[in-house]
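According to Swiss-Prot, the features are:
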type	residues	note
BINDING	8-15, 21-22, ARG60, 87-90, LYS98, 114-115, 180-181	substrate binding site
ACT_SITE	HIS9	active site, tele-phosphohistidine intermediate
ACT_SITE	GLU87	active site, proton donor/acceptor
SITE	HIS179	site 'Transition state stabilizer'
Amino acid sequence: MPTLVLSRHGQSEWNLENRFTGWWDVNLTEQGVQEATAGGKALAEKGFEFDIAFTSVLTRAIKTTNLILEAGKTLWVPTEKDWRLNERHYGGLTGLNKAETAAKHGEEQVHIWRRSYDVPPPPMEKGSKFDLSGDRRYDGVKIPETESLKDTVARVLPYWEERIAPELKAGKRVLIGAHGNSLRALVKHLSKLSDEEIVKFELPTGQPLVYELNDDLTPKDRYFLNER
(Lines of atoms letter the chains of each structure in order from A and count residues from 1; the text may use other names and numbers.)
(Lines give C-alpha, C1' and ligand atoms only; values in the text may rest on other atoms or scores of the structure.)
Protein backbone atom coordinates (compact mmCIF):
# COMPACT_ATOMS: atom_id res chain seq x y z
CA MET A 1 0.00 0.00 0.00
CA PRO A 2 1.67 3.27 -1.11
CA THR A 3 2.15 5.89 1.60
CA LEU A 4 2.37 9.62 0.91
CA VAL A 5 3.15 12.29 3.50
CA LEU A 6 2.61 15.97 2.71
CA SER A 7 4.18 18.60 4.94
CA ARG A 8 3.83 22.34 4.60
CA HIS A 9 7.05 24.09 5.58
CA GLY A 10 7.53 25.31 9.14
CA GLN A 11 6.86 28.94 10.02
CA SER A 12 8.83 31.28 7.76
CA GLU A 13 10.11 34.79 8.43
CA TRP A 14 7.30 36.26 6.36
CA ASN A 15 4.66 34.03 7.95
CA LEU A 16 5.75 35.70 11.19
CA GLU A 17 5.57 39.17 9.62
CA ASN A 18 2.20 38.34 7.98
CA ARG A 19 3.48 39.09 4.47
CA PHE A 20 2.53 37.60 1.12
CA THR A 21 5.53 35.42 0.25
CA GLY A 22 4.84 33.38 -2.86
CA TRP A 23 8.02 32.66 -4.82
CA TRP A 24 10.20 35.00 -2.75
CA ASP A 25 12.84 33.01 -0.90
CA VAL A 26 12.70 33.53 2.86
CA ASN A 27 14.11 31.37 5.63
CA LEU A 28 12.48 29.48 8.47
CA THR A 29 12.15 31.14 11.85
CA GLU A 30 13.41 29.38 14.97
CA GLN A 31 9.82 28.29 15.57
CA GLY A 32 9.66 27.00 11.99
CA VAL A 33 12.75 24.86 12.56
CA GLN A 34 11.17 23.47 15.73
CA GLU A 35 7.89 22.73 13.90
CA ALA A 36 9.64 20.84 11.10
CA THR A 37 11.83 18.89 13.53
CA ALA A 38 8.83 18.01 15.71
CA GLY A 39 6.93 16.80 12.65
CA GLY A 40 9.87 14.63 11.64
CA LYS A 41 10.24 13.16 15.12
CA ALA A 42 6.52 12.38 15.30
CA LEU A 43 6.69 10.61 11.93
CA ALA A 44 9.73 8.59 13.04
CA GLU A 45 8.10 7.65 16.36
CA LYS A 46 5.07 6.34 14.48
CA GLY A 47 7.22 4.22 12.21
CA PHE A 48 7.13 6.27 9.01
CA GLU A 49 10.08 5.79 6.68
CA PHE A 50 10.68 7.26 3.23
CA ASP A 51 12.31 6.06 0.03
CA ILE A 52 12.24 9.37 -1.84
CA ALA A 53 11.38 13.00 -1.11
CA PHE A 54 10.23 15.88 -3.27
CA THR A 55 10.36 19.59 -2.51
CA SER A 56 10.34 23.01 -4.16
CA VAL A 57 13.35 25.20 -4.93
CA LEU A 58 12.57 27.52 -2.00
CA THR A 59 14.68 27.46 1.17
CA ARG A 60 11.80 27.16 3.65
CA ALA A 61 10.51 23.97 2.01
CA ILE A 62 13.95 22.47 1.36
CA LYS A 63 15.00 22.98 4.98
CA THR A 64 11.70 21.57 6.27
CA THR A 65 12.13 18.45 4.13
CA ASN A 66 15.71 18.00 5.33
CA LEU A 67 14.74 18.52 8.98
CA ILE A 68 11.99 15.89 8.70
CA LEU A 69 14.42 13.40 7.17
CA GLU A 70 17.15 14.26 9.68
CA ALA A 71 14.76 13.68 12.59
CA GLY A 72 14.22 10.17 11.26
CA LYS A 73 17.97 9.64 10.73
CA THR A 74 17.35 9.36 6.98
CA LEU A 75 18.91 12.54 5.61
CA TRP A 76 20.46 10.32 2.92
CA VAL A 77 17.08 9.70 1.24
CA PRO A 78 17.17 10.95 -2.39
CA THR A 79 15.45 14.33 -2.65
CA GLU A 80 14.30 16.01 -5.85
CA LYS A 81 13.78 19.78 -5.99
CA ASP A 82 11.50 21.32 -8.62
CA TRP A 83 10.05 24.80 -9.11
CA ARG A 84 6.65 23.31 -9.94
CA LEU A 85 6.20 22.59 -6.21
CA ASN A 86 6.77 26.27 -5.38
CA GLU A 87 4.14 28.26 -3.52
CA ARG A 88 1.51 30.11 -5.53
CA HIS A 89 2.96 33.30 -7.07
CA TYR A 90 1.29 36.27 -5.40
CA GLY A 91 2.27 38.75 -8.12
CA GLY A 92 2.03 42.38 -7.05
CA LEU A 93 1.12 41.40 -3.49
CA THR A 94 4.55 39.82 -2.91
CA GLY A 95 6.22 41.36 0.13
CA LEU A 96 3.15 43.28 1.29
CA ASN A 97 1.80 42.99 4.81
CA LYS A 98 -1.64 41.37 4.66
CA ALA A 99 -3.25 43.80 7.12
CA GLU A 100 -1.82 46.84 5.27
CA THR A 101 -3.01 45.39 1.97
CA ALA A 102 -6.53 44.96 3.37
CA ALA A 103 -6.50 48.57 4.57
CA LYS A 104 -5.46 49.74 1.09
CA HIS A 105 -7.65 47.54 -1.13
CA GLY A 106 -10.42 46.53 1.27
CA GLU A 107 -10.75 43.27 3.18
CA GLU A 108 -13.25 41.84 0.71
CA GLN A 109 -10.92 42.30 -2.27
CA VAL A 110 -7.96 40.80 -0.42
CA HIS A 111 -10.12 37.86 0.66
CA ILE A 112 -11.04 37.28 -3.01
CA TRP A 113 -7.37 37.32 -4.02
CA ARG A 114 -6.41 34.96 -1.21
CA ARG A 115 -9.32 32.56 -1.14
CA SER A 116 -10.97 32.45 -4.56
CA TYR A 117 -10.03 29.52 -6.78
CA ASP A 118 -9.54 31.29 -10.08
CA VAL A 119 -8.96 35.01 -9.39
CA PRO A 120 -5.25 35.95 -9.39
CA PRO A 121 -3.83 38.99 -7.57
CA PRO A 122 -2.64 41.91 -9.71
CA PRO A 123 0.57 41.10 -11.63
CA MET A 124 3.98 42.08 -10.35
CA GLU A 125 5.11 45.45 -11.68
CA LYS A 126 8.08 45.65 -14.03
CA GLY A 127 11.27 46.42 -12.15
CA SER A 128 9.91 45.21 -8.82
CA LYS A 129 12.58 44.39 -6.26
CA PHE A 130 10.91 40.98 -6.04
CA ASP A 131 11.42 40.25 -9.75
CA LEU A 132 13.07 36.82 -10.12
CA SER A 133 13.96 36.95 -13.82
CA GLY A 134 17.69 37.04 -12.99
CA ASP A 135 17.56 34.13 -10.53
CA ARG A 136 19.43 31.22 -12.09
CA ARG A 137 17.33 28.58 -10.35
CA TYR A 138 14.67 29.59 -12.90
CA ASP A 139 16.84 29.44 -16.01
CA GLY A 140 14.56 28.34 -18.85
CA VAL A 141 11.40 28.78 -16.75
CA LYS A 142 8.69 31.26 -17.77
CA ILE A 143 8.14 32.89 -14.39
CA PRO A 144 4.47 33.81 -13.89
CA GLU A 145 3.53 37.44 -13.25
CA THR A 146 0.84 36.22 -10.82
CA GLU A 147 -1.12 33.03 -10.11
CA SER A 148 -4.52 31.93 -8.88
CA LEU A 149 -4.89 28.63 -7.06
CA LYS A 150 -6.24 27.25 -10.35
CA ASP A 151 -2.98 28.28 -12.07
CA THR A 152 -0.99 26.60 -9.29
CA VAL A 153 -2.93 23.36 -9.75
CA ALA A 154 -2.22 23.52 -13.50
CA ARG A 155 1.56 23.47 -12.93
CA VAL A 156 1.67 21.08 -9.97
CA LEU A 157 -0.40 18.24 -11.47
CA PRO A 158 1.79 17.57 -14.54
CA TYR A 159 4.77 17.23 -12.18
CA TRP A 160 2.73 14.87 -10.00
CA GLU A 161 1.88 12.68 -12.98
CA GLU A 162 5.39 12.82 -14.44
CA ARG A 163 7.55 12.31 -11.35
CA ILE A 164 5.69 11.56 -8.12
CA ALA A 165 2.84 9.22 -9.07
CA PRO A 166 5.19 6.71 -10.77
CA GLU A 167 7.25 6.42 -7.56
CA LEU A 168 4.12 5.71 -5.53
CA LYS A 169 2.89 3.17 -8.07
CA ALA A 170 6.26 1.45 -7.74
CA GLY A 171 5.58 1.06 -4.01
CA LYS A 172 7.85 3.87 -2.80
CA ARG A 173 7.12 5.71 0.44
CA VAL A 174 7.06 9.37 -0.54
CA LEU A 175 7.54 12.61 1.41
CA ILE A 176 6.62 15.97 -0.14
CA GLY A 177 7.78 19.08 1.71
CA ALA A 178 6.21 22.09 0.03
CA HIS A 179 3.79 24.99 0.49
CA GLY A 180 0.19 25.67 1.43
CA ASN A 181 -1.09 26.14 -2.10
CA SER A 182 1.07 23.65 -4.00
CA LEU A 183 -0.01 21.04 -1.44
CA ARG A 184 -3.64 22.16 -1.78
CA ALA A 185 -3.30 21.31 -5.48
CA LEU A 186 -2.37 17.73 -4.56
CA VAL A 187 -5.09 17.41 -1.91
CA LYS A 188 -7.69 18.66 -4.40
CA HIS A 189 -6.54 16.05 -6.93
CA LEU A 190 -6.23 13.11 -4.55
CA SER A 191 -9.34 13.77 -2.46
CA LYS A 192 -11.47 15.02 -5.39
CA LEU A 193 -12.35 18.24 -3.56
CA SER A 194 -14.43 20.88 -5.30
CA ASP A 195 -13.09 24.36 -6.04
CA GLU A 196 -15.11 25.67 -3.09
CA GLU A 197 -13.88 22.96 -0.73
CA ILE A 198 -10.18 23.29 -1.50
CA VAL A 199 -9.98 27.04 -0.87
CA LYS A 200 -11.26 26.37 2.67
CA PHE A 201 -8.85 23.49 3.32
CA GLU A 202 -6.16 24.52 5.81
CA LEU A 203 -2.68 23.05 6.07
CA PRO A 204 -0.96 24.20 9.29
CA THR A 205 2.78 24.89 9.13
CA GLY A 206 4.92 21.87 9.97
CA GLN A 207 2.01 19.46 10.50
CA PRO A 208 2.30 16.28 8.37
CA LEU A 209 -0.75 15.14 6.40
CA VAL A 210 -0.78 11.39 5.71
CA TYR A 211 -2.35 9.63 2.74
CA GLU A 212 -2.66 5.87 2.74
CA LEU A 213 -3.29 5.01 -0.91
CA ASN A 214 -4.63 2.09 -2.88
CA ASP A 215 -2.49 0.74 -5.71
CA ASP A 216 -4.34 2.98 -8.18
CA LEU A 217 -3.49 5.97 -5.92
CA THR A 218 -7.06 6.55 -4.78
CA PRO A 219 -7.09 7.44 -1.06
CA LYS A 220 -7.78 4.69 1.44
CA ASP A 221 -7.33 7.10 4.34
CA ARG A 222 -6.26 10.71 4.94
CA TYR A 223 -5.41 12.25 8.29
CA PHE A 224 -3.18 14.78 10.00
CA LEU A 225 -0.53 12.98 12.03
CA ASN A 226 -1.59 14.67 15.28
CA GLU A 227 -5.10 13.23 14.88
CA ARG A 228 -3.97 9.62 15.36
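Counting starts with 1 at the first residue shown.
Here the Cβ of each residue, glycine as well, is placed from N, Cα and C on the backbone.
Fair warning: this is a prediction, and the values are worked out from it, not measured in the lab.
On the structure: features taken from Swiss-Prot.
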residue: ARG8; record: substrate binding site; DSSP class: strand
residue: TRP14; record: substrate binding site; DSSP class: helix
residue: GLY22; record: substrate binding site; DSSP class: coil
residue: GLU87; record: active site, proton donor/acceptor; DSSP class: coil
residue: LYS98; record: substrate binding site; DSSP class: helix
residue: HIS179; record: site 'Transition state stabilizer'; DSSP class: coil
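The distance from the Cα of ARG8 (substrate binding site) to the Cα of HIS179 (site 'Transition state stabilizer') comes to 5 Å.
TRP14 (substrate binding site) and GLU87 (active site, proton donor/acceptor) have their C-alpha atoms 13 Å apart, to the nearest angstrom. Within the group of binding-site residues (GLY22, GLY180), the Cβ with the highest number of other Cβ atoms inside 10 Å belongs to GLY22.
For the recorded positions listed here (HIS9, ARG88, LYS98, HIS179), the lowest count of other CB atoms within 10 A around the CB belongs to LYS98.
Listed in sequence order, LEU28, THR29, GLN31, GLY32, GLU35, THR205, GLY206 are the same-chain residues six or more apart from GLN11 (substrate binding site) with CB atoms under 8 A from its CB. Proximity to HIS179 (site 'Transition state stabilizer'), defined by a C-alpha to C-alpha distance within 10 angstroms, is shown by the following recorded positions from HIS9, ARG88, LYS98: HIS9, ARG88. Note: the Cα of GLY180 (substrate binding site) and the Cα of GLU87 (active site, proton donor/acceptor) are spaced 7 Å from each other. On its own chain, GLU87 (active site, proton donor/acceptor) has THR21, GLY22, TRP23, SER56, LEU58, ALA178, HIS179, GLY180, ASN181, SER182 as residues at least 6 apart in sequence with a Cβ closer than 8 Å to its own Cβ. In this structure, the CA atom of LYS98 (substrate binding site) is 19 Å away from the CA atom of the residue listed as 'active site, tele-phosphohistidine intermediate'.
Across the binding-site residues listed here (ARG8, TRP14), the residue whose Cβ sits among the most other Cβ atoms within 10 Å is ARG8. You'll find the Cα of ARG88 (substrate binding site) roughly 14 Å from the Cα of the residue listed as 'active site, tele-phosphohistidine intermediate'.
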